[in-house]
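**Student:** Can you keep this structure in mind? I'll have questions shortly.
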Amino acid sequence: MTQNTQLTIIGGGMAGSEAAWQAANLGVNVRLIEMRPKVETFAHRTGNLAEMVCSNSFRSDDSEQNAVGLLHWEMRAANSVIMHTADSHKLPAGGALAVDRDPFAEAVTAKLHAHPNIEITYGEVTDLPAAGPTIIATGPLTGSALADAIAREAGQDALAFFDAIAPIVYADSIDMDIAWRQSRYDKGDTLEEQQAYINCPLTRDQYEAFIDALLSADKTQFKDGETAGYFDGCLPIEVMAERGRETLRFGPMKPVGLTNPHDPQTKAYAVVQLRRDNALGTLYNIVGFQTKMTYGAQKQVFAMIPGLQEASFARLGGIHRNTFINSPTLLDDQMRLRSKPHIRFAGQITGVEGYVESASMGLLAGRMAAAEILGETLPDLPDTTAMGALVTHITGGADAKTFQPMNVNFGLFPPVEGLKGGRRGRKDRYKAYTDRAKAAWTNWLTPQTSLGGSQAAE
């Protein structure tokens, strides 16, 4: 291929936006196609690129003890537009990186529109391109026509599961005579970070009544032929409750690390947490409360939570279908479709789960495609890095027969020899993983600084 060859990227979510940015910064001309706002989806509200539709959290930012924090570090080192923009629109969230979602998406959109090597067009793509380097990053809400085309080419049905979306509450409707502000274990370097969450306490009787209401509430029904397979990291709360009455109390409603200033001598039996959803602090999402309850049921059930008895909702929860391909069967180690190697896949459609994981796969696909167009060969990506471990998992490390969406985690990394196992050795083990990864990532990335006369991120 030649440097004049254009790269087509279908889908302007986290992965597609990152792929476009990376390839364009390496000197490749990119055409980015996004179907919104011409074709809308259930979950999206705008036509912005990189719109966040579920949580507003990029999760832990700890690059020494957490695999997703390490992924943040690797992406920042590679001039990620998603990470740089997230850093510019961060919200207090203790040790996590939470983002003001609308200004974030608007900023990513503006940066990509302003890039001289990126052309953005809007409209639906309904078939696989017959030729030309292409990245498909259409995400969990891939249009039905394109999904059918992918399924025909793959020779198998696309796998499917369902994502649920958490509700968002107006802050001024929360009863702060009952609720209080505190991050778990007072995490954070500033008072604002240490008070990043609003907490609503429940007694045992209130918790039991809440569980009863969850289990009996009206739920959204699936269409004929659809079955409910859920990713464990985004389970609806009522599905968690069905797994056991105490499941929520040891999950999103765990009461640990919190002290109620209204009644410091009494330990709550369970706690519902809300996390700031915008910079103004006027909106809060209910952490871990993805749901498929009907809208009417949500209003009734959530009003049972002390502090939310008069809550007003900016958005109620919902459920949407999430499709992904069997990547270990269909993709090679360069993320190319084996049967049509001019096509790469990236993002959530490949079977990674999470905003950052999706964007990171876009980062890799964009760099791999750009190198190919420029006639260069990238060195093999070490599986000791977070991105290397993740792409190795989806392109062959996982069992194709049981393949399910995966967050990045240290279980995907090759072991570091000579380290103590078990809980007691965990801190040293994780630090060894991240030190090794950072060195390997730097070594892999450094030779690419001159690739195509690459440009720095804004």
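Cβ coordinates are placed from backbone N, Cα and C, and glycine is handled just like the others.
Pulled these from Swiss-Prot:
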BINDING   G11, G12, G13, M14, A15, G16  FAD binding site
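Quick one: where do these features end up spatially?
**Tutor:** Sequence-distant neighbours of G16 (FAD binding site) (same chain, 6+ residues apart, CB-CB distance under 8 A): I9, I10, L32, E34, L49, I135, A137, T138, A346, G347, G362.
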**Student:** Other than its own, how many Cβ atoms are within 10 Å of the Cβ belonging to G12 (FAD binding site)?
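**Tutor:** For G12 (FAD binding site), the 10 Å Cβ neighbour count is 30.
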**Student:** Within 8 Å of the Cβ centroid of the FAD site residues G11, G12, G13, M14, A15, G16, which other residues of the same chain have their Cβ?
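**Tutor:** Everything else in range on the chain: I9, S17, E18, A19, E34, L49, A50, A137, T138, G139, A346, G347, S358, G362.
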**Student:** Taking the Cβ of G13 (FAD binding site) as centre, how many other Cβ atoms lie within 10 Å?
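**Tutor:** Summing over all protein chains shown, G13 (FAD binding site) has 29 other Cβ atoms within 10 Å.
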**Student:** Can you name the residues of this chain that are 6 or more positions from M14 (FAD binding site) yet have a C-beta less than 8 Å from its C-beta?
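**Tutor:** Result: A50, I82, G139, G347, Q348, Y355, V356, S358, A359, G362.
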**Student:** What are the sequence-distant neighbours of A15 (FAD binding site), meaning same chain, six or more residues apart, C-beta distance under 8 angstroms?
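**Tutor:** Result: A137, G139, A346, G347, Q348, S358, A359, M361, G362, A365.
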**Student:** Where does A15 (FAD binding site) sit in the DSSP three-state scheme?
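**Tutor:** A15 (FAD binding site) sits in a helix per DSSP.
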**Student:** Taking the Cβ of G11 (FAD binding site) as centre, how many other Cβ atoms lie within 10 Å?
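**Tutor:** That number is 32.
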